[in-house]
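Trainee: Pasting in a structure now, in structure tokens, and then I'll have a few things to ask.
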Amino acid sequence: MPLQIFNTTKRTIDDALLADAIQLVIGEEGGRVGSIEAIYCGNKMIRRINRNFLNHDYVTDTITFGYNEGEVVEGEFYISLDVIESNARRFGVMFEDELLRVTIHSALHLMGYDDETPQLRIAMSQREDYYLDRICGASNH
């Protein structure tokens, strides 16, 4: 299966833009899109996934599961549109821009990027900024 985007909420998102962003990141980072599912959900679903799979009983912006085989990138990620909304307000950015950033962030996780330490977070944020510039010519935070 190719890249699939699922929106489990009533909120409208730009599936085509998000799919293009995922494909751009994976292609430029040296991967080939295999079977990828991008699931955009609410807090209830992401909290359940976080609790059941990672033993964390709280909401988060994204959870990524990668199943890569060599250069073929396979996996799934979940993004809470509720967290995206609150983070966009907190950072003073548009919802769509924060959603694009976190989608890029999730695709970078599929490519093996990590954000466990301050240095890794900085490197990952720089890649996010690079792709935001490539896609829309503006990075917001």
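Heads up, residue numbers simply count up from 1 along the chain you see.
Each residue, glycine too, has its Cβ placed from N, Cα and C.
Note that TrEMBL annotation is computational and uncurated.
When I checked TrEMBL for this same protein, it listed these features:
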type	residues	note
BINDING	His105, His109, Asp115	Zn(2+) binding site
Trainee: When DSSP is mapped onto helix/strand/coil, what comes out for Asp115 (Zn(2+) binding site)?
Mentor: coil
Trainee: Among His105, His109, all listed as binding-site residues, which has the most CB atoms within 10 Å of its CB?
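Mentor: Result for the most crowded candidate: His105.
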Trainee: Under DSSP, is His105 (Zn(2+) binding site) part of a helix or a strand, or is it coil?
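Mentor: SS state of His105 (Zn(2+) binding site) = helix.
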Trainee: For the recorded Zn(2+) site, enumerate neighbouring residues of the same chain (Cβ within 8 Å of the Cβ centroid of His105, His109, Asp115, site residues themselves excluded), in sequence order.
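Mentor: Checked against the 8 Å cutoff, the neighbours are Thr62, Thr64, Ser106, Leu108, Tyr113, Asp114, Met124.
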Trainee: Same chain only, sequence gap of 6 or more: which residues have a CB within under 8 Å of the CB of Asp115 (Zn(2+) binding site)?
Mentor: His105, His109, Arg121, Met124
